[in-house]
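Q: First, the structure itself, so that you have it in front of you.
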Amino acid sequence: MGDHFLDADIRDWSPSTWRSKPIKQDVKFEDQAGFGKAIQQLERLPPLVTPLEIVKLKNSLREVALGNAFLLQGGDCAELFDYCEQGMIESKVKLLLQMSLVLVYGAKKKVVRIARTAGQYAKPRSSPVETINGTTMPSFRGDILNSYEPTPEARKPDPSRLVEAYFHSAATLNYLRAAISSGLADMHSPLDWGLGHVLDPTVKDKYQKIVHTITEWLEMMQTIGVSTGGGLETVDLFTSHEGLLLEYEQPLTRICKHPPNVLLTTSNAQSPRLNGHLLPSSSFPSSGYYDTSAHFLWIGDRTRQLTHAHVEFFRGLSNPVGIKVGPTMPASDLAPLLDILNPYHEIGKITLITRYGCDKIATHLPSHIEAVKKSGHVVVWQCDPMHGNGRNADITSATSENSSPPTTTTIKTRHFTDILSELQQALQIHKAHSSYLGGVHLELTGDAVTECVGGAGGLKEEDLSLNYTTFCVRG
């Protein structure tokens with residue numbers, strides 16, 4: 001079981017082999033000298049997360065895939081460097097904790113928590129350029145690449161931002177770990193996780209009843225002398241982002257010995273398979289490549305081509321990985337994709353994040369479930385009910401009597417009823433196909449933004465302009 005067998009279907013793989021493949025959503029840096037310097041610095045910097053933490057998540061996701069736990073993943077659509085601030089970090093964590101508390105209470109299952117944070121700085125765009133006030137310039141691609149400021153110069157990809165992204169991720173992670181270990185997630189005081197953004201008194205009342213039930217149980221256990229410590233004061237919270245910018249992911253991918261708690265549980269009853277051949281247990285690799293930029297990374301719906309760069313990069317990683325699956329995914333592509341990314345058939349190694357739209361899920365999800373069943377892979381099925389339900393809304397700017405005529409801007413929004421509909425349909429379809437919907441993947445923030453219509457806040461389209469903060473208004 002030596003390091004020579006690290007290859008295990010990646011003998012021809014290294015963190016740089018993706019460069020020989022065609023790539024979608026690529027980036028051109030004019031400052032090649034600055035780019036080279038940034039990469040060298042990233043290669044020297046310490047890992048942001050450790051293999052031990054990554055494997056702990058992978059083991060937890062195995063339980064999700066087997067139906068014994070539930071995955072809650074959420075955070076910003078496009079994380080900005082400015083979000084690296086105490087209040088914003090805490091508000092997102094508290095919202096995830098609130099949601100997981102309700103899930104634990106309702107589903108009676110352990111909840112695995114993954115935040116879209118400490119690295120979600122890159123965004124895919126439908127077009128590399130956009131026209132603003134008559135001037136055509138590069139699209140905003142996220143803080144890791146360029147500035148949102150609408151000038152051609154500010155929109156040029158800046159390689160120094162790669163290093164900035166690392167340090168903002170490190171600072172966010174540092175505070176996350178410190179805050180959680182200091183009691184931010186203490187289950188003894190869940191009422192401290194406020195619901196100030198919720199206007200519906202019924203929703204508030206339901207949440208408070210859940211909290212009071214848990215509080216009474218904790219008080220009873222203390223009264224009879226049973227310890228309620230040892231796990232209730234803290235939680236595991238893992239980080240994630242889309243592995244879009246491979247120039248950033250490559251230098252943070254390191255070869256490491258597998259931690260001792262690696263459990264190579266596969267969907268084959270006899271032994272794991274490699275290219276269809278049974279492997280003896282003595283052939284398991286002792287080392288692997290870990291992308292230490294986050295615990296969990298996913299391949300986007302626009303970059304999951306079987307023969308392209310992103311799949312090539314992800315196939316060599318020991319991290320658990322996600323794949324966004326939309327209505328353009330042929331069912332026939334699923335088995336080959338799973339075989340490439342998960343040659344050992346590890347249970348829970350792959351999370352399929354479905355994002356169809358409420359009007360398309362019934363057409364596509366059933367065939368995708370059946371294709372995965374036939375493949376022999378056991379995956380985590382996760383519903384993303386947000387990314388397929390975007391729609392446009394026209395917002396008219398407010399004006400005074402002496403100002404110029406009002407202007408109308410088209411922005412992206414979502415209706416809460418569409419989000420809920422896709423999630424409900426996903427549950428029903430999985431049940432009908434004897435499959436387990438193991439998680440949800442949500443864009444969320446703990447701040448009182450006005451970006452979705454309906455829900456507990458009762459927002460209407462005319463309210464969207466009150467605090468619309470999304471930086472990817474188009475495409």
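Glycine too: its Cβ is placed from the backbone N, Cα and C atoms.
All TrEMBL annotations are machine predictions without curation.
According to TrEMBL, the Mn(2+) binding site annotation covers Cys77, His387, Glu443. For Arg116, Lys324, Arg355, the entry in TrEMBL reads phosphoenolpyruvate binding site. The compositional bias 'Low complexity' annotation in TrEMBL covers 396-410. Per TrEMBL, region 'Disordered' is recorded for 391-410.
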Q: Give the number of CB atoms, excluding that of Arg116 (phosphoenolpyruvate binding site) itself, located within 10 Å of its CB.
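A: Its Cβ shell of radius 10 Å holds 26 other Cβ atoms.
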Q: List the Cα distance (Å, whole number) between Arg116 (phosphoenolpyruvate binding site) and His387 (Mn(2+) binding site).
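A: With distance taken Cα to Cα, His387 (Mn(2+) binding site) is 14 Å from Arg116 (phosphoenolpyruvate binding site).
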Q: Return only the integer: C-alpha distance in Å from Glu443 (Mn(2+) binding site) to Arg355 (phosphoenolpyruvate binding site).
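A: Cα to Cα, Glu443 (Mn(2+) binding site) and Arg355 (phosphoenolpyruvate binding site) are separated by 12 Å.
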Q: Quick check for the class: what is the C-alpha distance, in angstrom and rounded, between Cys77 (Mn(2+) binding site) and Arg355 (phosphoenolpyruvate binding site)?
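A: On Cα coordinates alone, these residues lie 14 Å apart.
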Q: Can you give the largest Cα to Cα distance in Å, as a whole number, for the residues Arg116, Lys324, Arg355 that bind phosphoenolpyruvate in the record?
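A: Pairwise Cα check on Arg116, Lys324, Arg355 gives a maximum of 16 Å.
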Q: Starting from the Mn(2+) site formed by Cys77, His387, Glu443, give every other residue of that chain whose CB sits within 8 Å of the mean position of their CB atoms, in sequence order.
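A: Leaving out the recorded residues gives Asp384, Met386, Leu442.
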Q: Within 8 Å of the Cβ centroid of the phosphoenolpyruvate site residues Arg116, Lys324, Arg355, which other residues of the same chain have their Cβ?
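A: So the additional residues around the site are Glu242, Trp298, Gly300, Asp301, Gly322, Ile353, Asp384, Met386, His387, His441.
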Q: What's the CA-CA gap between His387 (Mn(2+) binding site) and Arg355 (phosphoenolpyruvate binding site) in angstrom, rounded?
A: 6
Q: What is the total of other Cβ atoms whose distance to the Cβ of Glu443 (Mn(2+) binding site) is within 10 Å?
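A: Neighbour count, Cβ to Cβ under the 10 Å cut-off: 19.
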Q: Far apart in sequence but close in space: which same-chain residues, 6 or more away, have a Cβ under 8 Å from Arg355 (phosphoenolpyruvate binding site)?
A: Asp301, Lys324, Val325, Gly326, Asp384, Pro385, Met386, His387, Gly388, His441
